[in-house]
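Q: Take a look at this one; I'll ask things after.
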Amino acid sequence: MSSYSLPEGFSEFDMFAFGSALLVGGLLGFFLNFISVVAFLRVREMRTPSNFFIFNLALADLSLNINGLVAAYASYLRYWPFGSEGCQMHGFQGMISILAAISFLGAVAWDRYHQYCTKQKMFWSTSVTISTIIWILAVFWAALPLPMIGWGVFDFEPMRTCCTLDYTKGDRSYITYMLTITVLYLAFPVIILHSSYSAIYAHFKKIHHFKFNTGVPLKVLLLCWGPYVLMCTYACFENVTLVSPKLRMVLPVLAKTAPIFHAVLYSYGNEFYRGGLWQFLTGQKSADKKK
């Protein structure tokens, strides 16, 4: 018998259920995004400046999938086996993945706006520079809660089998960090997605040809991350520990499904990307591949 007691508010079934949800979501997201990454590397025709954003989004999502699979493993064990330093690294790595992925959603929206509306060509120098800046900023902002800096802090989620920004403290350090991150990595991307896809929608309407549903990308972002960010923002002003521990776990588990939606929407549903995926999987060139 294990000497580890169950976290408060969770039963054996709860631990198994949450662990299974993390496992299934992590494996499915990993599989979809892994194919997307390998296809980009193997199929020469896919390697365009615009697709480079999709490739980096898939890399960020792969990283988040790995983060979720580690949490799934710990959930089946019923405890966190990697110590306090492992918790800090888990929170750090997860935060990098989240911030980078959301940033690349904005980059893709911006690129699509120019692709469809202004007809401006994306150059490799621009794509690589933007991608590099996104990763550097993600590492920078994710590093701030580490003990060496201490603006915010990483700690266990209610189930104590995964680590993230500790929203239970509600102190000045948490509030200032969380509100800053919310503005930079949710409000700002939402504005970019809304303005870009609204312009694309107007263009599609003008030419009477809708190449994709322009409302879906923003809805996916808000569906996956909106509830979790709302809870973290609520924690800035109220005692979030009064909220059910199970509900506080449901929201991050929901957020970790984002890589699945991203793969389906941005890779497999992208007319300029799915042709290369088809060629990678079957060896045959697709008619809808970018000319």
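Using the three backbone atoms N, Cα and C, a Cβ is placed for every residue, glycine included.
No curator has checked TrEMBL annotations; they are predicted automatically.
Quick paste of what TrEMBL says about this protein:
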type     : residues : note
DOMAIN   : 32-266   : domain 'G-protein coupled receptors family 1 profile'
TRANSMEM : 15-41    : transmembrane segment
TRANSMEM : 53-76    : transmembrane segment
TRANSMEM : 91-110   : transmembrane segment
TRANSMEM : 122-144  : transmembrane segment
TRANSMEM : 174-195  : transmembrane segment
TRANSMEM : 216-237  : transmembrane segment
TRANSMEM : 249-268  : transmembrane segment
Q: Ranking 15-41, 91-110, 122-144 by the number of C-beta pairs under 8 Å to the transmembrane segment (216-237), which range is first?
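A: Checked against 15-41, 91-110, 122-144; highest Cβ contact count belongs to 91-110.
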Q: The domain 'G-protein coupled receptors family 1 profile' (32-266): mean pLDDT?
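A: Its mean pLDDT is 96.
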Q: Which of 91-110, 122-144, 249-268 shares the most C-beta pairs under 8 angstroms with the transmembrane segment (174-195)?
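A: It is 91-110, which has the most Cβ pairs under 8 Å.
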